[in-house]
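Scroll down for the structure; my scribbles are underneath it.
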Amino acid sequence: MKKKIYILLVSLIVLLSAASVSADTSKSFSVTPLDPETKQTQSSYYDLKVSPNEQKVLPIRIFNGADQAVKVKLKLNNGATNSNGITDYSGNVKRNATLKVGFTDVATVESEDVTIPAKSAVDVPVTIKMPETQYDGQILGGIRVTSAEVKEKPKTSGIESNIAYTVGVVLRETDTKVKPSMSVLDAKIEQRNSQNVISATLQNGAPVIIKKLEAKSSVTKEGSKKVLYEAENTSMRMAPNSQFDYGINLVNNGFKSGKYLMTVSGKADGEPFSFTKKFTIKSKEAKEFNKNSVYVTDKSTNNTYLFWIIGALVLIILAFIIWYIKKNRKPIVDK
């Protein structure tokens, strides 16, 4: 019996050790961008001025500090904007319709899968080939490097088990100043982290990075000036030719059916904008969202009809009481 317990403990220790080695292996590499001309270490991202039809190679140095070889995966992604108003290089954001020339259109890598020997560094070339036609504005992208040995957890978990490095790349051909082109595509209701949100899809339709985006939004009933919900953010950014859903968190409030207006105003690098969008909340979708929200205390969609019913009942009861009193009142007889 003791021998079996001993064997079991030894096996458990071996398994834990193997898991530890595997975890360390997935996190034992580092990524450094090198200067295209000198091959020396430079800043954490590339900001390059290029010419039409020019070809340039961006060397990415990947160092493996582990005692065994490490496999990594390279992915080239367009710069985008996520729902928090932050530049995103993950490749999970859908390409915007206004993006004519993206990073993935001009950048290539020979192989996405690279093996780095133990205690060694490998310089991986990323080739940039610009179009023949001159391009005014900025092209934003990212070179994302992850371990190929550990799969990332699903997005629903909110946790990434795999370490990732991203090297940002900004490309431009001219010094022509391009102004932001803001618009609101639509307004809608949604849920984020089980909370009700009213959001407006903000779009930057110009090939320029917005370094400071300020936005203030409010929601009113159609035909009313009373503000029901509002939000403000003064420290957002936007990638060129991108969009994101800028939302108002309703916290613990439920959706109520009806017709509404959402107004969004602000500044994009000092350029003012203001838009108003109509949207409708249907009773069925409001009920469904409210049911799925763990924060909504009032699950009803619209109390208007309830108030009318209660009011009508009160009037009926009052009318009955008055009628009853009059009917049973005794006549006063003069003596």
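Backbone N, Cα and C define each Cβ position, glycine as well.
According to TrEMBL, the signal peptide annotation covers 1-23.
Over the domain 'WxL Interacting Protein peptidoglycan binding' (29-146), the average per-residue pLDDT in this prediction is 95. Taken from TrEMBL, the feature domain 'WxL Interacting Protein peptidoglycan binding' covers 29-146.
The domain 'WxL Interacting Protein host binding' annotation in TrEMBL covers 156-291.
The feature transmembrane segment is assigned by TrEMBL to 305-325.
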Secondary structure composition of the domain 'WxL Interacting Protein peptidoglycan binding' (29-146) [DSSP: H/G/I, E/B, coil]: 4 helix, 60 strand, 54 coil
The domain 'WxL Interacting Protein host binding' (156-291): DSSP-derived helix, strand, coil residue counts: 11 helix, 84 strand, 41 coil
